[in-house]
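Participant: One structure, as structure tokens, below. Some questions next.
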Amino acid sequence: MYDSIERKVKASIQSRVGPLGLVRSFLQSWFDLAKLLSKELVLTSYGIALITILELLFLAITVLTLQVFILAPQLQWIAALFLTFLSISSAFSLLRAVCLDNPFSSIGAFREFYITLAVEGFFLSSLAMMLLLEGSVMLRLPLFCIVALSCYVLSGRTPFDIAEAEPEIASGVYIELSGPLLAIATYSLHIKRYVLAEILSYALLKLIGITSTSFALLVVLLLTPITWIIFGVISVMLGRTRVDVGPITLLKVMLILMLFVFISMLLMVRQA
Amino acid sequence: MSAGEVVKEIEGKVVELGGIVESITETAVFVEVPRERVRELADWLYNSGAFLKTCAGVDERSINSKFAVYHIFGLDEKGLDVVVKISGLEGEALPSIADAVPAAEWCELEARDMLGLHILGHEAKPRHVLPQDWPEGVYPLRKDLSYDYRPSGNAEKFSEELPREVGLPIGPYHPILHEPEYFELYVEGERVVDVFYRGFHVHRGIEKLAESQRFTYKTIPFLAERICGICGFVHSSCYVLAVERAARIEVPERAQFIRSIVLEIERIHSHLLWLGIAAHILGYDAGFMHMWRIREPIMLLAELLTGSRKTYGINIVGGVRRDMDESKKKRALDVLKNVREEYKKFVEVLTAVPEIVKRATGTGVLPKSDARALSVVGPTARGSGLKRDVRKDYPYFAYKHSSFKVPVYSEGDNMARLLVRVDEVFESISIVEQLLDALPKGPIAVESYEIPPLRKAVGTVEAPRGEDVHFIITGHGRPYRWRVRAPTYQNIPALKVMLRNTPLADAFLTIASIDPCFSCTDRAIVIRDVRSGSRRFVGLFEGRRYASR
């Protein structure tokens, strides 16, 4: 539903109409998925189908564990579980692209790999610190910046949609998928975007220190669509980066932010 | 040196080489030289600053029992075409000038394929225009071959196994190529190290069709307009210009103005279309949408002035079919004023988007020397520092009544070509405004005319993509030979230079940067579509085998 709203908002920025009518303004992406599911199933290999389904499964579990953690943040093992599931689903996404016997898919996979290399390590470690540690605003701020940037990058929107890059590499990692399989992969992407938007919303609460309230989940659920739409609006303003520019720039930004994190941690240790 | 002195010098050189000057017109000199001396003349012309526009093979057996090749050179600075003819009996070898003038290679290969000419130095090269399963010994542009000939097809030729190793296949149906063409990029990591091109998939037989009984001088403009879906009016204008020059028809001034106005409207919408696509390629879809939104009033303006958004159908030999009244003029000026304002605002945004600036700057570089050697045209030439524009160099229609600049950038990269087009939109808007203001009164077409046979003429019109060339030898009721050379035909060979060492991500912008119009280029012959399923697909990879030879 958020994807449908994003499309409507993007359309208005681009002087287009977008999905027509009230129902389609909210549910166009569901209509698209239903249509794809009704198409014939063309399998280039059973392995790809299995990986695509597993990716969706692990993302679904990731969403559930995230909700449980937000409800009960004191259960830190759930946070560990959530981060593990998030990593596994990301690995499946990469694996699917690498396994396809298509040069465009391989190029897309390598591009995704570069982006993942530049971001994922910093993202998971920063997220873990944010979820599990209590620190000063000096520490939380750079951590939040890393998480915010990572969430945007990993959501696969421009300028970081280089793994898909439809005009360049004919949809790259999605090139061999069609019909129901493409529907599952697309739905996985939507769920991934939801998880990332929710993580950022929660990180924002954590930054301002109100995660302990009993309404935290409700606030996060209200903030998530706003985060999603903001991501969508940002993506409209930008063009696509290049594989030899984007990941390196990201790496530099991440390293600078991590430097701030370490300085903040050193200051904390010194004060202690 | 004046044009007259240049003509004298050419005459002197031709006589020195043992040739003859056939005729001299205001815009062209037609000469014939012994075939063994043509390379010498080509070398002299090229070193005197001439660009090769194209060459045309002609089956003249019904006239003099010979085959001929006409090399069309253009002395841009003097606004003069030099058409050099060589001829030989069937089977006699004709020399190539491609080693002296690299731009001649494609048209010589085309003449070899289409007429079965033996052109020295090209014997071992693979087919250029004809498909690989075209029957041996059948030459589409020979007069004794009917225009509706259909080869039986030989699908068995495609039963070979696919090569195990291929580069990165781009096409024939790739999202960035809006028409079926095939590029094979050889990459190291994400850097392009070499490129192979195989075109001419969409063969429509337009040149041959125009020579058939189905068409006459009067109906060919409508056929010519269908060469291209974007710049069709350029082709019909170029055709009528060539015929009018051959028959020395004085076209009323009002018709000349109307043609120029419509040509500029076509340029504006074509450039806006391209700028939108460039933004889309670079992932900036907002730019794509807004550029096309700005383009829409121009399409409506075309409809207002001509009756159609595209394929206007107003060009006829001797004038135009549709007039413009005062109310349309006023509305047109209002539309142009609004478009200029909106375009100016949005171009500032577009050229400031960091990803567009970074990815277009320094990529797809075509050095000036290569641009000169390949005689590239249009924004591709002007982006590489060559000040070539037919509207200025060979003034035609009403362009001499308008004042405009020719934007030139010397960097030779994708950004330079983008900026050339950005500036040209402003210039075209200004030209249309000037011409509308100065539109003279009078008739819009001549009442009658005669077209004597066996007259030759060259028509050149500046299309949005560059110089469009139509060469005509008049016949009885229809052209004896009509040769069409679209601008993309001249620019595609430059892609090999431009794509080398370009990041793969920018290869697509580089291909698009010449604003390729493959339908214009692929108009050569009639073939049968052999629907042989996957076997047909194998043919696409044949290029790989040739590339490795």
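Cβ coordinates come from backbone N, Cα and C, glycine included.
Straight out of TrEMBL:
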DOMAIN    B:31-147  domain 'NADH:ubiquinone oxidoreductase 30kDa subunit'
BINDING   B:Glu207, B:Val484  Mg(2+) binding site
BINDING   B:Cys228, B:Cys231, B:Cys517  Ni(2+) binding site
BINDING   B:Cys231, B:Cys520  Fe cation binding site
DOMAIN    B:283-453  domain 'NADH-quinone oxidoreductase subunit D'
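I would like each feature placed in context: is it buried or exposed, what are its neighbours, and how far apart are things?
Facilitator: Secondary structure from DSSP puts B:Val484 (Mg(2+) binding site) in a beta strand.
Long-range Cβ proximity for B:Cys517 (Ni(2+) binding site), meaning a same-chain Cβ under 8 A and a gap of 6 or more residues, is found for B:Glu179, B:Cys228, B:Ile230, B:Cys231, B:Arg465, B:Ala486, B:Pro487, B:Thr488.
In the structure as shown, the Cβ atom of B:Cys231 (Ni(2+) binding site) sits within 10 Å of 27 other Cβ atoms.
Confidence over the domain 'NADH-quinone oxidoreductase subunit D' (B:283-453), given as mean pLDDT on the 0 to 100 scale, stands at 93.
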Participant: May I have the DSSP-based helix, strand and coil counts for the residues of the domain 'NADH:ubiquinone oxidoreductase 30kDa subunit' (B:31-147)?
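Facilitator: Residue counts for the domain 'NADH:ubiquinone oxidoreductase 30kDa subunit' (B:31-147) by secondary structure: 31 helix, 35 strand, 51 coil.
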Participant: With DSSP assignments reduced to helix, strand and coil, which class does B:Glu207 (Mg(2+) binding site) get?
Facilitator: helix
Participant: Within 10 Å of each Cβ, count the other Cβ atoms and name the one among the binding-site residues B:Glu207, B:Cys228, B:Val484 with the highest count.
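Facilitator: Top count of Cβ atoms within 10 Å goes to B:Cys228.
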